[in-house]
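Pulled from Swiss-Prot, these are the features on record:
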ACT_SITE  287  active site
CARBOHYD  67  N-linked glycosylation site
CARBOHYD  218  N-linked glycosylation site
CARBOHYD  259  N-linked glycosylation site
CARBOHYD  322  N-linked glycosylation site
CARBOHYD  329  N-linked glycosylation site
CARBOHYD  361  N-linked glycosylation site
CARBOHYD  449  N-linked glycosylation site
CARBOHYD  530  N-linked glycosylation site
CARBOHYD  549  N-linked glycosylation site
CARBOHYD  571  N-linked glycosylation site
CARBOHYD  675  N-linked glycosylation site
CARBOHYD  719  N-linked glycosylation site
SIGNAL    1-18  signal peptide
């Protein structure tokens, strides 16, 4: 049965069987139920924090626990999301969650870091960690408890997906390692990291009903990403396993449906995969307005509702007082709310929030010094809301380093590095210059004016400044006594031709933008319409190249673009991809162009000749009547380079490719089996669901006398001892059997899954089985970094040709040799067995490959048989 939207909006005991969907067409997949929601047990490094959480939650009343689980409403307090508080026990203000994965959104005096996709291009674990730690320091200094990042969803199934730049790479191993290092950095700075968007959030269009309807599409449910179990485990779940193993405190569930069940009430993905199989000990928070039911979401594994209201500023909540009603009437077991509160407080203690916490010293809603305490309704005290705390520290230096380390040299025919002696330097393209409205002149960066250093949406930050390529290069040229001629209007082709014909070197800057689906730029509804350059970029390149035989092209983009029609033009002597480098953009690219930094970046995605080279297109039209658009992941694990390999298609630039100002050689591959332990499937049962504290009567949870009620603020208290009246649910009184799934409220001991047993999954998955070493030699005349990459062939008839498993970034002086040594774990060599519901190393022969990209693998050897 489906409720009307209004009925759903006011119910506290809404349809709980969140995984039973009756699709319009019978062949559509549905997500199997998995209940009850596993309770945290403090495994591994979580033990101390878990015990402290249990101690404080045991002292909380029901409404205090509920207050931790529910945001107070959009724009009700300083942060984009803020829970209720528990002042009686020292939590004097609610937990503050704030965007984004690359810096602080809606703030000031903060840094704008390079995007996640740039971190992936560095292939550098240390830089990923340092960037995470620097961001965490800034969030902590602003009084933020929870950073809403990093992202591994979207992973990158679609090269034109709107938010792939927020994450890292379409390869799960590369993403997983850098995802985990970023999380460690953020949390070592004392801030809870949020791994998002869990899971299969691979496109923007149709992610939300109201958003789609605003664009003229009459759908009633959000898009469903339909995936098989093997693909889920081997591709999309892989980096989230790394995040859980790294100790991430929060995971954000996504807007989309997974196999026709909403991401924030999908018991298969939340209860089974995340909490039972991966042993996640932190809390699951909803994406903003991705919460679709009361009891259903609670039983399916959601722990925190953000921002608390159903629609922004409507004053209604699935949880809050409705959660209190649900516990009192027995539809939500008390142990489930206890577990929510324990999970939240465990993450809080694990990162040290109790030691480091200061109140938020900024307002997301105004840059003015003073404003109302509750901005959405202009109520509460008129007070100082912005302290203008500068949190940037010395992070500009790191930002510049990551920017240059992530610049991929795709082509170089003797053009680079520049000598500094070039007498006339032409700079071409709007992407070289400033946004005439200012670097933050477009709300949420929702435009493409000037140089592209950050894409658009909630995954953004406010620039403290933006060094453009024009500024940095002009300074360089003038310092060296040269002349510089910028033409930064893409329509000025005549002027470009004139300047190019006179220039010693012509530097062309072009871009391609994308972002979140609530903003449309030039008809790009978050996702890109195509993979071409924006603002006449191809014509700018062709114009300059036809008048200059030393044309260097620099691309700022959110992902791959089509370069096949111009990349091999002999007048184009160099091509660089600089991604989205953040505030130090110009300085970063100048460091590479002038040779202060030897480029070492490798492309974290494949550059195809056409959009069709990548496989299935985005779902851009409803394909299920007015119901949920269906996105079938029928390609399985074959995305990006795996898909190109399967089709034997030669890309323009393969995954992992990147040039240097020096050269490297690979030799002496050695493969040695280790005495790894035998794989032991997890067995046994959990303990029973623990309960902390006691539950009183409805009268104990009435709205406190004398407390001034703020309009639309989400409270945990009841308005009446009549639970039906307090819930305002027109369907109140249904029998539990009508809407509560079987076993959903069962708090008895539960079997431990074979693939589970510890955070990240079965601990024997991570045992080293094989040691691999290779010698890397700098055969050139310039010191530099090389990124050795290790790929494995898993051998099965339906497996990718190779899959990335290990990598590193190694510095070598001219002529220097180093032996790179790494290991392969059981997980690296295993496949997911759907029938056994476990990881299995198959009988098929396996091989290991080492080289500088997915297509340049000069070293190869068979792998020994291991189990």
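Glycine too: its Cβ is placed from the backbone N, Cα and C atoms.
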Inset, instruction - May I ask which residues of the same chain, at least 6 positions away in sequence, place their Cβ under 8 angstroms from the Cβ of residue 287 (active site)? - result: 196, 197, 252, 253, 254, 255, 263, 264, 306
Inset, instruction - Provide, as an integer number of angstrom, the distance between the C-alpha atoms of residue 719 (N-linked glycosylation site) and residue 322 (N-linked glycosylation site). - result: 11
Legend entry - Spatial neighbour of residue 329 (N-linked glycosylation site) that is closest, considering only the glycosylation sites 67, 449, 675 and their CA atoms: 67
Inset, instruction - Look up residue 67 (N-linked glycosylation site) in the DSSP assignment and report helix, strand or coil. - result: helix
Inset, instruction - Among all chains shown, work out which of the glycosylation sites 259, 329, 361 has the most CB atoms within 10 A of its CB. - result: 259
Legend entry - Fewest-neighbour residue among glycosylation sites, criterion Cβ within 10 Å, set 571, 675: 675
Inset, instruction - Would you identify the secondary structure of residue 322 (N-linked glycosylation site) according to DSSP, in three states? - result: helix
Legend entry - Cα distance (Å, whole number) from residue 571 (N-linked glycosylation site) to residue 67 (N-linked glycosylation site): 64
Inset, instruction - From the glycosylation sites 322, 361, 530, pick the residue whose C-alpha lies nearest to the C-alpha of residue 675 (N-linked glycosylation site). - result: 530
Legend entry - 10 Å Cα neighbourhood of residue 571 (N-linked glycosylation site): matching glycosylation sites from 218, 259, 322, 361, 449, 530: none
Legend entry - Cα-Cα distance linking residue 549 (N-linked glycosylation site) and residue 449 (N-linked glycosylation site), given in Å to the nearest integer: 28
Legend entry - Integer Å distance between the CA atoms belonging to residue 259 (N-linked glycosylation site) and residue 218 (N-linked glycosylation site): 21
Inset, instruction - Work through the glycosylation sites one by one (322, 361, 530) and name whichever has its CA nearest to the CA of residue 549 (N-linked glycosylation site). - result: 530
Inset, instruction - Determine the Cβ neighbour count for residue 218 (N-linked glycosylation site): the number of other Cβ atoms within 10 Å of its Cβ. - result: 10
Legend entry - Residue pair residue 322 (N-linked glycosylation site), residue 361 (N-linked glycosylation site) - Cα distance, angstrom, rounded: 31
Inset, instruction - Kindly assign residue 719 (N-linked glycosylation site) to one of the three DSSP-derived states: helix, strand or coil. - result: coil
Inset, instruction - Check the glycosylation sites 67, 449, 549, 719 for other C-beta atoms within 10 angstroms of each C-beta and report the one with the most. - result: 67
Inset, instruction - Select the most exposed residue of 322, 530, where exposure means the fewest other Cβ atoms within 10 Å, treating these as the glycosylation sites. - result: 530
